[in-house]
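These notes are about the structure you will find just below.
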Amino acid sequence: MMQKKKLQPPLLVTIAALVLCLPLLLTGCGNSKNAPVPSVVILPEIDTELTEATPVPPMPQPLTWGASLLWNADLLMALGQCNRDKASVREQEIRRKEIYERRPEPGGGAAAR
C-alpha cells in the first residue's frame, strides 16, 4: 500500500490562503460599472469673412435718377456678395456633415447594428 504524504505546514497555509482569496478576487469586480466616456466634438470653424456683415452702400444725397441707378447697382453687388457667402457656408456645412457622418458612433454603436 501506498502511504499518503503529509503536506508541510507552509504549503497548507498557502493553499488555504489561495482557496480563501481566489473567490474574492474573482467576484470583486462583478458589480463594477463602466463609466461612459464623454465624446469630444470639435466643430470646424466657419470662416470669419463669411460671417462678417456685408457693407451696405449708403444712399446718395441728393437721390437723383442717375444716382439711384448707381446705388441700385451697388446694392445688387452687395446682395451678390451675400449670396456668395451663403453658398460658401452651405459648402462648409456639407463638408462638415460628410466628415462627421464617417466618424464611428461613441460606445461602439456600429456593433449594435
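A Cβ is built for glycine as well, from the same backbone N, Cα and C atoms used for every other residue.
On a predicted model such as this, the values are computed, not experimentally measured, just so you know.
These come from Swiss-Prot:
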COMPBIAS  91-105  compositional bias 'Basic and acidic residues'
LIPID     CYS29  S-diacylglycerol cysteine
LIPID     CYS29  N-palmitoyl cysteine
REGION    91-113  region 'Disordered'
SIGNAL    1-28  signal peptide
Secondary structure content of the compositional bias 'Basic and acidic residues' (91-105), with strand meaning DSSP E or B: 11 helix, 0 strand, 4 coil
Residue numbers, six or more beyond the limits of the compositional bias 'Basic and acidic residues' (91-105), whose CB comes under 8 Å of its CB atoms: 41, 43-44, 46-47, 50
Secondary structure at CYS29 (S-diacylglycerol cysteine), reduced by DSSP to three states: coil
Cβ packing number for CYS29 (S-diacylglycerol cysteine), 10 Å threshold: 7
